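Participant: One structure is given below, represented as structure tokens, and several questions about it will come after.
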Amino acid sequence: MSERRQTPVRVALLGCGTVGSEVARRLLGDAEELAARVGAPIELTGIAVRRPDKHPELPKELLTADASGLVESDVDVVIELIGGIEPVRGWLLTALRKGKSVVTGNKALLAEYGAELSAAASESGADLYYEAAVAGAIPLLRPLRESLAGDRITRVMGIVNGTTNFILSAMDSTGASYAETLDEATRLGYAEADPSADVDGYDAASKAAILASLAFHTRVTASDVYREGITGISASDIVAAQRLNRTVKLLAICERVAEGPEASESVSVRVHPVMIPRTHQLAGVGGAFNAVYVEAEAAGELMFYGQGAGGAPTASAVLGDLVAAARNRVAGGRGPRESMHAALPVRPMGETPTRYHISLDVADKPGVLAQIAQVFAVHDVSIAAVRQRDKHSTASLVVVTHLARDAALEATVNEISKLDVVREVVSVMRVEGEDS
Ligand SMILES: NC(=O)c1ccc[n+]([C@@H]2O[C@H](COP(=O)([O-])OP(=O)(O)OC[C@H]3O[C@@H](n4cnc5c(N)ncnc54)[C@H](O)[C@@H]3O)[C@@H](O)[C@H]2O)c1
Ligand SMILES: N[C@@H](CCO)C(=O)O
Ligand code: NA
């Protein structure tokens with residue numbers, strides 16, 4: 001029989017919505033098994049909810065509307081699944097300063113106040129775990145923070161928002177509008193309380209900030225991340241991608257960039273829609289699934305794939321963190337600290353090298369291509385491929401560029417859109433991956 005200490009690890013749960021209710025269910029239902037894994041009983045001492053009378057499924061004596069009081073009570077670990085910045089930030093700082101470990105899935109808070117929370121944890125010796133905050137159930141932050149701590153990560157790129165991936169997958173396969181599928185994503189528990197966080201890219205940008213911070217040992221906050229959401233994606237963008245045997249995904253891209261005369265290193269962290277070849281491994285990631293590529297100098301390419309949203313999958317990550325924090329309590333130690341020593345500068349989006357796909361309807365007459373090519377040349381943007389298809393009196397022209405400064409590409413598109421011979425700019429989007 002394994003040895004088990006009798007003093008329980010006391011746990012408070014804040015929030016009992018999509019994720020919190022799954023965590024409560026598992027804590028109450030699997031208590032024996034969790035205790036065996038931790039080496040001590042896990043005692044859920046209270047659950048803070050907005051309206052205790054609305055939770056007949058939970059033991060009445062555990063419910064409270066006083067989250068602050070629960071944080072101040074005699075607990076070892078606080079699990080926070082409410083979301084948002086205030087008042088949660090204050091509660092978690094209080095908990096950490098008093099030496100209580102914190103487990104949270106709150107990416108919005110971490111992407112803005114990660115440094116403050118981490119410092120509070122370090123000072124008191126408490127743990128701060130947040131695997132659920134990025135890519136739900138997928139173990140990703142622990143691999144970045146621990147398994148790859150001896151390697152040099154060069155790039156992290158992937159699909160980190162289930163709601164938008166669910167919407168884009170449906171737009172691609174059925175031609176549905178994003179409004180139609182957003183309701184379904186909300187019903188399934190993927191969407192944030194305010195779905196603008198998903199469709200405008202804020203959620204993915206918070207996750208990108210967290211990923212870049214851990215990957216590059218550099219504190220990156222949400223405001224450092226260039227962000228575009230999916231509300232501007234039209235049916236013509238989807239069709240333009242399909243014509244090139246590509247599909248549209250909202251990607252978070254975090255990479256080291258060394259360019260310029262001194263080749264000094266910086267990091268580029270961004271979230272925006274991207275056209276990728278349908279043969280690309282990320283193209284096959286559908287629904288609320290997430291997938292993240294990590295490229296490291298010695299390890300090479302790694303891919304992490306799985307359920308990135310939803311109550312039960314996210315609860316898996318939360319409980320994994322709880323077991324880690326509780327084991328540390330039992331052993332009298334603490335988990336690994338974050339290392340943010342590299343402090344690399346964050347490169348502005350305009351200076352980041354990207355590639356564009358531009359689809360235009362142009363007049364079908366001599367000299368048009370030359371005029372358009374001239375605008376690219378003026379902005380020092382090199383063209384990788386041009387495809388033309390005739391339609392009655394106009395021609396459909398598709399241009400894919402080589403890598404260029406994003407600002408130069410944007411200026412090129414602005415100038416081209418003003419040419420008399422350009423009837424319509426049908427679609428403009430960044431591209432990743434090589435066509436096979
Ligand atoms: N749903 C997911 O798939 C998912 C995945 C990963 C991370 N997360 C993160 O987990 C957190 C919770 O997400 P969710 O989807 O469960 O949200 P949710 O909106 O379903 O649940 C939040 C709950 O907190 C409650 N609450 C609000 N203020 C409170 C207060 N003062 N005291 C007590 N309870 C209060 C709300 O009533 C609600 O029930 C968020 O930070 C979210 O970003 C969610
Ligand atoms: N709203 C988020 C939840 C998971 O973090 C998503 O759709 O991915
Ligand atoms: Na995760």
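Placement of Cβ uses the backbone N, Cα and C atoms for every residue, glycine included.
Below, the features straight out of TrEMBL:
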| type | residues | note |
| --- | --- | --- |
| ACT_SITE | Lys207 | active site, proton donor |
| BINDING | Leu14, Gly15, Cys16, Gly17, Thr18, Val19, Gly20, Ser21 | NADP(+) binding site |
| BINDING | Lys107 | NADPH binding site |
| BINDING | Glu192 | L-homoserine binding site |
| DOMAIN | 357-430 | domain 'ACT' |
Participant: Relative to the Cβ of Gly15 (NADP(+) binding site), which residues of the same chain, six or more apart in sequence, are found under 8 Å away?
Facilitator: Ala48, Val49, Glu80, Leu81, Ile82, Gly83
Participant: Ser21 (NADP(+) binding site) to the residue listed as 'L-homoserine binding site': how many Å between their Cα atoms?
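Facilitator: Cα-Cα, rounded: 15 Å.
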Participant: With helix taken as DSSP H, G or I, strand as E or B and everything else coil, how many residues of the domain 'ACT' (357-430) land in each class?
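Facilitator: Per DSSP, the residues of the domain 'ACT' (357-430) fall into 23 helix, 34 strand, 17 coil.
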Participant: When DSSP states are folded down to helix, strand and coil, where does Ser21 (NADP(+) binding site) land?
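Facilitator: DSSP assigns Ser21 (NADP(+) binding site) to helix.
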Participant: For ligand 1, which among the recorded positions Gly17, Val19, Lys207 have a CB under 6 Å from it?
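Facilitator: List returned for ligand 1: Gly17, Val19.
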Participant: If you skip the near sequence neighbours and keep only those at least six away, which residues in the chain come within under 8 angstroms of Leu14 (NADP(+) binding site), Cβ to Cβ?
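Facilitator: Correct list: Gly20, Ala48, Ala67, Leu70, Val71, Val78, Ile79, Glu80, Leu81, Ile82, Val88, Trp91.
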Participant: Compute the centroid of the Cβ atoms of Leu14, Gly15, Cys16, Gly17, Thr18, Val19, Gly20, Ser21, then list the same-chain residues not in that set whose Cβ lies within 8 Å of it, in sequence order, for the NADP(+) site.
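Facilitator: Close Cβ neighbours, site residues excluded: Leu13, Glu22, Val23, Ala24, Leu81, Ile82.
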Participant: Would you find the one among the binding-site residues Gly17, Gly20 whose Cβ has the most company, meaning other Cβ atoms within 10 Å?
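Facilitator: Result of the Cβ crowding comparison: Gly20.
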Participant: Could you measure between the residue listed as 'active site, proton donor' and the residue listed as 'NADPH binding site' for me? Cα positions, answer in whole angstrom.
Facilitator: 6
Participant: In which DSSP state, out of helix, strand and coil, do we find Lys107 (NADPH binding site)?
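Facilitator: Note: Lys107 (NADPH binding site) is helical by DSSP.
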Participant: Taking just the CA atoms, what is the gap between Cys16 (NADP(+) binding site) and Lys107 (NADPH binding site) in Å?
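Facilitator: Their Cα atoms are separated by 17 Å.
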Participant: Looking only at C-alpha atoms, tell me how far the residue listed as 'NADPH binding site' is from Val19 (NADP(+) binding site), rounded to the nearest Å.
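Facilitator: That comes out at 14 Å between the alpha carbons.
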